[in-house]
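Undergrad: Here Swiss-Prot flags His179, Asp199, Asp259 as Zn(2+) 1 binding site, drawing on similarity to another entry. Taken from Swiss-Prot, the feature Zn(2+) 2 binding site covers Asp199, Glu232. Residues or ranges marked as domain 'Fibronectin type-III' by Swiss-Prot: 408-502. The feature N-linked glycosylation site is assigned by Swiss-Prot to Asn156, Asn247, Asn367, Asn415, Asn421, Asn463. Annotation source Swiss-Prot lists signal peptide at 1-17.
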Amino acid sequence: MSYVYTSLLLLAEVCEPKMLPTFCTFALCAVPPLRSATASPIHTHYPHAFPDTAQWPLARVGKALEQQLPGEDLQAIISEISQANIEATIRKLASFGTRHTLSSQTDPERGIGAARTWLTAKFQEAADASEGRMTVDWNSFIKYPGDNERIIFPVNITTVVATLKGSEDPERLYVTGGHYDSRNSNPIDYQGDAPGAVDDASGVAVSLELARIFARYRPKASIAFTAFAGEEQGLLGAEHLAQTYKNNSANVAGMINLDMVGNSKAEDGTSDPNNIRLFCQGTPLTEDDTSAISRVSIGGENDSPARNLGRHIYEVASNAFTEMTVRLVYRLDRYSRGGDHRPFLEAGYTGVRFVQPNEDYTQQHQNVTVRAGKQYGDLVEWLDFEYNTRAAKVVASTMWSLANAPDIPRNVGSNVTTSDNFSQFKWEAPVGLPPEGYEIVYRETIEPHWTSVIEVGNVQWYNLTSATIHKDNVIFGVRSVGAGGYRSPAVLPFPFGCTRNC
């Protein structure tokens with residue numbers, strides 16, 4: 001029985017009779033009379049009409065890609081993460097009553113000023129153990145009323161930044177952190193309670209705990225552990241810090257936002273304790289028109305720097321040591337929400353956001369109150385401190401792996417001068433820490449993660465002479481490899497030598 005004939009019979013079973021002439025017109029064939037509803041099914045063998053293969057492309061070049069497990073140094077860092085410290089930080093931040101950006105900056109016990117003073121002291125404690133390699137600074141500015149309806153009088157907005165200088169590649173910087181300001185139902189209520197336990201004391205607690213631990217280690221690249229302010233008023237602190245870095249031509253190689261990483265339960269009580277979401281933007285917000293057109297023509301919309309950073313984080317942080325799986329979400333952020341990674345993306349940097357797997361909106365941006373017997377508000381009692389600690393392990397794996405690998409290769413390209421079955425790649429070494437070699441990774445275009453890897457050595461070009469792994473059928477990436485097997489995120493090769501449609 002022909003495929004068209006069989007398909008039309010299948011349609012006849014599930015569609016209204018009046019639709020059949022339309023299908024028949026498209027198929028250019030005649031449709032046999034409809035069988036009765038009691039007739040035996042005709043599609044018993046349908047699943048076998050298109051047998052899938054265990055692997056496609058049919059031949060693999062290189063080897064199957066395996067996730068990167070932590071070495072002894074990273075295992076030691078993970079083992080030092082203290083659930084008690086994370087809980088104590090969250091409880092302390094919630095105890096300030098409100099940390100609204102417009103709240104008191106002078107009251108020693110209540111308001112954002114008291115929280116900032118306490119956080120600065122705690123970051124400084126970490127720095128004191130670093131033998132001078134970590135410094136604590138304030139990134140401050142005055143925000144005036146104007147086009148922002150959530151700023152109703154001039155206010156000092158201060159982000160606390162603890163920067164750990166890299167031992168071998170100090171000019172390359174990775175930024176991580178959460179926001180320490182909070183809010184309730186009214187975005188300009190700066191006097192009512194807003195404990196902000198999950199949103200976002202949970203993220204700040206991770207940043208502070210990792211600063212404490214990392215200060216006694218020597219990552220090769222620099223890491224900034226931050227606590228942002230002004231997030232609830234429009235990502236203001238992160239925007240100012242990102243622009244400060246940009247104005248100083250800082251090499252920010254990645255920004256990892258930690259915003260709401262403390263609760264695994266949804267509003268209906270569903271628990272998802274071993275997954276964490278990672279939101280990864282698609283086409284870069286600052287990409288020029290030529291690059292954007294080329295990206296679309298080669299099907300690279302899903303291989304932005306942010307998404308390849310996300311794939312890298314999945315590889316290094318989803319394992320038995322973290323007890324978590326990183327779940328990539330191909331979006332900038334959740335619907336109608338924003339986060340402090342966005343200003344970094346808008347400044348031309350690569351940024352992603354960690355978020356817990358479920359959300360309870362009765363606990364977010366809510367007044368602390370009881371309505372119809374139900375407790376509302378972002379309270380400490382909602383926290384799952386074990387989950388928050390596992391999230392910290394994920395972030396520790398991320399930051400250590402990134403900071404100890406070489407930077408991504410530069411100017412990665414794929415030669416399309418001629419039409420053939422082979423692929424030729426070229427790239428340039430990254431600035432800073434020299435790689436020990438490079439790898440070409442690839443996957444089928446519909447796969448979310450890299451599946452195969454080719455080790456090419458310490459070269460800056462490679463000819464792939466296998467006709468079975470064709471550039472039309474897979475997505476390629478090139479990544480740097482350093483000492484200890486630490487790898488950079490992969491970079492999508494853009495075509496060169498083409499005359500049309502690329």
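Positions of Cβ are set from backbone N, Cα and C atoms, glycine also.
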Undergrad: Other residues near the Zn(2+) 1 site, CB within 8 A of the CB centroid of His179, Asp199, Asp259?
TA: Gly178, Gly196, Asp200, Ser202, Gly203, Glu231, Glu232, Leu258, Met260, Gly339, Asp340
Undergrad: Roughly how many Å lie between the Cα atoms of Asp199 (Zn(2+) 1 binding site) and Glu232 (Zn(2+) 2 binding site), rounded to a whole value?
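TA: For Asp199 (Zn(2+) 1 binding site) versus Glu232 (Zn(2+) 2 binding site), the Cα atoms are 10 Å apart.
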Undergrad: Do you know the DSSP helix, strand and coil residue counts for the domain 'Fibronectin type-III' (408-502)?
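TA: Breakdown, helix to coil: 3 helix, 43 strand, 49 coil.
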Undergrad: Under 8 Å Cβ to Cβ from Asp259 (Zn(2+) 1 binding site), same chain, six or more residues apart: give me those in sequence order, or none if nothing qualifies.
TA: Gly178, His179, Asp199, Asp200, Gly203, Glu231, Gly339, Asp340, Arg353, Phe354, Val355
Undergrad: To what whole number does the mean pLDDT across the domain 'Fibronectin type-III' (408-502) round?
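TA: Taking every residue in the domain 'Fibronectin type-III' (408-502) and averaging pLDDT yields 92.
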Undergrad: Fewest other Cβ atoms within 10 Å: which of the glycosylation sites Asn156, Asn247, Asn367, Asn415 wins that one? Let me know.
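TA: Checked Asn156, Asn247, Asn367, Asn415; of these glycosylation sites, fewest Cβ neighbours within 10 Å: Asn247.
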Undergrad: Looking only at Glu232, Asn463, the recorded positions on record, which one has the least crowded Cβ, with the fewest other Cβ atoms within 10 Å?
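TA: Taking Glu232, Asn463 as the recorded positions, the minimal 10 Å Cβ count falls on Asn463.
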Undergrad: Enter the number of other CB atoms within 10 angstroms of the CB of Asp199 (Zn(2+) 1 binding site).
TA: 25
Undergrad: Run through the Cβ atoms and count how many others sit within 10 Å of the one on His179 (Zn(2+) 1 binding site).
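TA: Counting Cβ neighbours of His179 (Zn(2+) 1 binding site) within 10 Å gives 31.
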Undergrad: In Å, rounded, how far does the Cα of Glu232 (Zn(2+) 2 binding site) sit from the Cα of Asn156 (N-linked glycosylation site)?
TA: 14
Undergrad: Round to a whole number and give the Cα-to-Cα distance in Å for the pair Asn247 (N-linked glycosylation site) and Asn156 (N-linked glycosylation site).
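TA: Asn247 (N-linked glycosylation site) and Asn156 (N-linked glycosylation site) have their Cα atoms 21 Å apart.
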Undergrad: How many whole Å apart are the CA atoms of Asn415 (N-linked glycosylation site) and Asn463 (N-linked glycosylation site)?
TA: 10
Undergrad: What Cα-Cα separation, expressed in whole Å, is found between Asn463 (N-linked glycosylation site) and Asn367 (N-linked glycosylation site)?
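TA: Computed Cα spacing between Asn463 (N-linked glycosylation site) and Asn367 (N-linked glycosylation site) is 61 Å.
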